[in-house]
Amino acid sequence: MDFASVLGKSEAHQRTIIHLDMDYFYAQVEEIRDPTLRSKALGIQQKNIVVTCNYVARAKGVTKLMLIAEAQRICPDLVLVNGEDLAPYRQMSQRIFDLLLNYTPLVEKLGFDENFMDVTALVELRQAHVAEALLRPPVGHTYPADGTPLSNCDCGCAQRLAIGTRIAQEIREELKLRLGITCCAGIAYNKLLAKLVGSSHEPNQQTVLVSTYAEQFMRELGDLKRVTGIGQKTQCLLLEAGMSSVEQLQQCDMDVMRKKFGFETATRLRDLAFGRDTSLVRPSGKPKTIGMEDACKPISVRTDVEERFRMLLKRLVEQVAEDGRVPIAIKVVLRKFDSQKKSSHRETKQANILPSLFKTSMCPGETGVSKVQLADGAQDKLLKIVMRLFERIVDMSKPFNITLLGLAFSKFQERKVGSSSIANFLIKKADLEVQSITSLTNTSLTSPTAESPTSDECAFRSSPTTFKPSDQFYRRRATTASPVPMLLDNGSESAATNSDFSDFSETEVEPSPKKSRIGRLLVSKRSRLAADVGDSAAEVASPSKLRVCDLRLNSRDSEKDFPMSTTPSTSTSAPAPRFRTVQPPNTLLQRIDGSLRFVTTRTASRLSSNASSTASSPLPSPMDDSIAMSAPSTTTLPFPSPTTTAVVTSSSSTATCDALTNIVCPAGVDAEVFKELPVELQTELIASWRSSLVAAVEQTNGTGAATSAAIASGAPATATTASGQKNTLYRYFLRNK
């Protein structure tokens, strides 16, 4: 069967559409579960209303959406079954959908109990058979009921609709035989007419519409609210325009309609009035979101909210287990009641979650069928995430009234069963732990101890290169392990797929952020400078090749940075670049007069001729400025030695304090906070920063062995001394160490 050609048929009378509506669905499912209820007046209760009832109860005056008290007054022998748990109805709906797929893949679900089917391809297939080609009377009822034959239309749709009635009859019989459920069916050439004509005769019956009587059928509907696609608000607007029936809408002045509704809406309403509908039957796949909401009396206590979320989460996980996919996002829905304004409004927050919170196992006895379950301890972690989202919506310092709570899982992904996924072989934990660069912008430096992430904080991490942005200390950074480092936009807060705790108001997956034009230009400039930097420097630029303590600290603001080239900079007020690369400066170490000094390649060549040229060195290191104040020559940049720092006199201590007070701090360090630190701590910080630069330069220029020997023969290196003790830098600035 050529189903692709069916989608292109939007002309009049070319398609054959079947609409199936299950009879009193919730109540019928309960009758199937308990056959003794078939002869009794049965109502399905949700909260304080009867959401639906069987035909025995309807015969006694009970209607849908009637209050429980009123229904029991009208029908004292009414049997009520709690229908708040939708799991049995959801399972039956899926079984119905699976059965319909045996006839055509073009099946569109409309709630639990309704389905559209485009059987055009199946009808064409049966038309090829001689027995079916003969014009046989349709099965079931026909509109109009005066005996008008389907052949009243000469476009050839009569035979197609007649075959469609036989297909609908076969489907209804199979549903009754295999699932024990009955339904009504409507057959027409479009979705709108098929749905409306199917309700003409119920329960457990079917009706076909003669195509040429579509306008008359719509006119006889009378009330506008019976037309699918016209809601309560639209009906009120039509009443204001003087139209209360379908017939009046058919005869309306289109100029008046366009002024009131606009061209598109006015045209759509006019088409609905005449039964015109070109919408296609869109095959339903697995849902993008699985959610659940619970309306309640006003809640104003946090513990009550947490308990209701716990119940919702437990029921929601059961639905995920049936679905078989793993969600990577969870959304909280709240309806807050304003007692002063006497109004309610909804608010939502969403957060990404780790797939590792779920585990997949094979169902026993069923080949190829997997079941998704929560991992050990995952429910408590998810509940903590939910409550954090709740506290982002509700100000806990003020009174609140919650009248509805909801949870939803989204961003589903298929998960392979077992541990043989290729990702398990390509990812190493050691590599992942170093591929992050911490920003120190807008941080609080008052805590002297590092905090280790708790288990629930780990659940927020969607990737090892991200941190929890709910705490301003963390800023998202990402790098690659390629020789050319990724440009980091210090002002970007996008990339929701990499965030650990991202807030959204919608459930759609956000697209990946595009690279800016300046980013592409800087990447091009970086590639042209590869010859200057050399292959070894490129390797050092990879975060996976460096220790975390060797990575310099970045800031989100515009600050001085290492230059990207060896060209000397003579400008003292050049703006700092917005984008940064994790790239050490192109410098070399020279041993002059028995001490280590920082000089650039170009400065080294001019050192003998111009001793003051170091002042224009392309390495604007803040440490250079601080050391230059106490050094005997402007061309020397001696490294501080721990041994000389430990033994100081009162006069030298005063000089050191003055020098440290005027130091220009490196990128990412607050100068005011630095000045408040003890003198020995300031000295240690400077030594640690310089040792990191030394290590980077040694690896860049291939002089690691020679420099190490030189350091060993002279004063002991600070990095070596600090290796035996905890680096104070990370005690004050890093919380994820």
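Keep in mind that glycine also has a Cβ here, set from the backbone N, Cα and C atoms.
Here is what Swiss-Prot records for this protein:
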ACT_SITE  Glu114  active site
BINDING   Tyr26, Arg58  2'-deoxyribonucleoside 5'-triphosphate binding site
COMPBIAS  491-502  compositional bias 'Polar residues'
COMPBIAS  563-577  compositional bias 'Low complexity'
COMPBIAS  607-618  compositional bias 'Low complexity'
COMPBIAS  632-643  compositional bias 'Low complexity'
REGION    443-464  region 'Disordered'
REGION    482-515  region 'Disordered'
REGION    557-581  region 'Disordered'
REGION    607-643  region 'Disordered'
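Mapped onto this structure are the features recorded in Swiss-Prot.
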residue: Tyr26; record: 2'-deoxyribonucleoside 5'-triphosphate binding site; contacts (Cβ under 8 Å, 6+ apart): Ile44, Val51, Thr52, Gly83, Tyr89
residue: Arg58; record: 2'-deoxyribonucleoside 5'-triphosphate binding site; contacts (Cβ under 8 Å, 6+ apart): none
residue: Glu114; record: active site; contacts (Cβ under 8 Å, 6+ apart): His19, Leu20, Asp21, Met22, Lys195
| query | In DSSP terms, helix, strand or coil for Tyr26 (2'-deoxyribonucleoside 5'-triphosphate binding site)? | reply | helix
| note | What DSSP gives for the residue listed as 'active site', in three states, is strand
| task | Check Arg58 (2'-deoxyribonucleoside 5'-triphosphate binding site) against DSSP and tell me helix, strand or coil, would you? | result | helix
